[in-house]
Amino acid sequence: MDLINDSWSPLSAFYVIKSYFTTLWLFTADDCFSILIPNVVCGSVLALTGIPFSSDFLLLEILGRTHVDAAIQEDAENKPWRPLPSQRISQPQSKLLHCALRPLLLVISAMTGGIVPSVCIQILTFAYNDMRLGDQWYFRNCLNAGGYISFLLGAIQAALHKFTLKYSKLACIWLSLIFFAVTTGIHAMDLYDMSGDLKRGRRTVPIAMGERCARITIVISVSVVSLSAATTIGVSSLSSVPVIATAAVIVRRLYIADELNERAHKTTFKIWCLWIGLLYLLPALHNLSFYLQSSC
């Protein structure tokens, strides 16, 4: 009896629950800085500043990505701490968890008005993983861009608590700019994953075109987008200063990339994620710069 009581003590229950949440966290840890944090923060800020369009609730959809990049061989090379290569969970259990989360997230999205973007995310995820379109750079970049847009719209919809989707001309231009920026620069994340991608057989931009060519395309992407963003969406030049400054840091790091290791490339990608986040916030930064100018 003592053994039974000990095995079900509050402390043991705490460790079991902690283990479950740790496993979920390890599935999504890599996406927190690149997807979850920018979209939650930017969605909330843009909603508060009154940007003229509505979108969708997808904040919990990040959990639906528990089966994304489930190629154990690749993760064992690049991310051995993930639940599958570290054997915290088996592949059948991972698939079961993913299948269970799909309908749950659809129900949550439907209740909050975001069923369409949520379905889009699941279609993109299916195409990326199950159809293996993510193994070819031209599909991979576009699918990632579609995912970024869907997550962004979901975060704003959640903040606005809206059930309808209404887009102004400005919103469409702004979203198109973000789509272009992600499509032409998301392979910054592939610079430090080349060994795992080669083992998986993926043809990412750095592998298909060469690392140097990949870096050049990212430099062109962040430069063109940063310098044209203010004019493209009709905001003040002052509001784009943070975007341009961050882009300059990225360009500098990519220029000396021959001297950098995989860890440094990962830092560059995090800075790129910060740049995308600032691009998200450009309409809000415009409102802030207008307020500062009117106060002077």
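Even glycines carry a Cβ here, placed using N, Cα and C.
Keep in mind that what you see is a predicted model, and the values were worked out from it rather than measured.
Sequence annotations record features per position, and here TrEMBL assigns transmembrane segment to 12-28, 35-53, 104-129, 141-161, 173-192, 237-255, 267-285.
When each of the listed stretches 104-129, 141-161, 173-192, 267-285 is scored by C-beta pairs under 8 angstroms to the transmembrane segment (237-255), 267-285 comes out highest. Non-local neighbours of the transmembrane segment (173-192) in the same chain are 34, 78, 137, 140-142, 144-146, 148-149, 152, 167, 204-207, 211, 214-215, 217-218, 220-222, 225, 229, 232-233, 250, 257, 262-263, 265-266, 268-269, 272, 276, 279-280, 282-283; each lies 6+ residues outside the stretch with a CB under 8 Å from one of its CB atoms.
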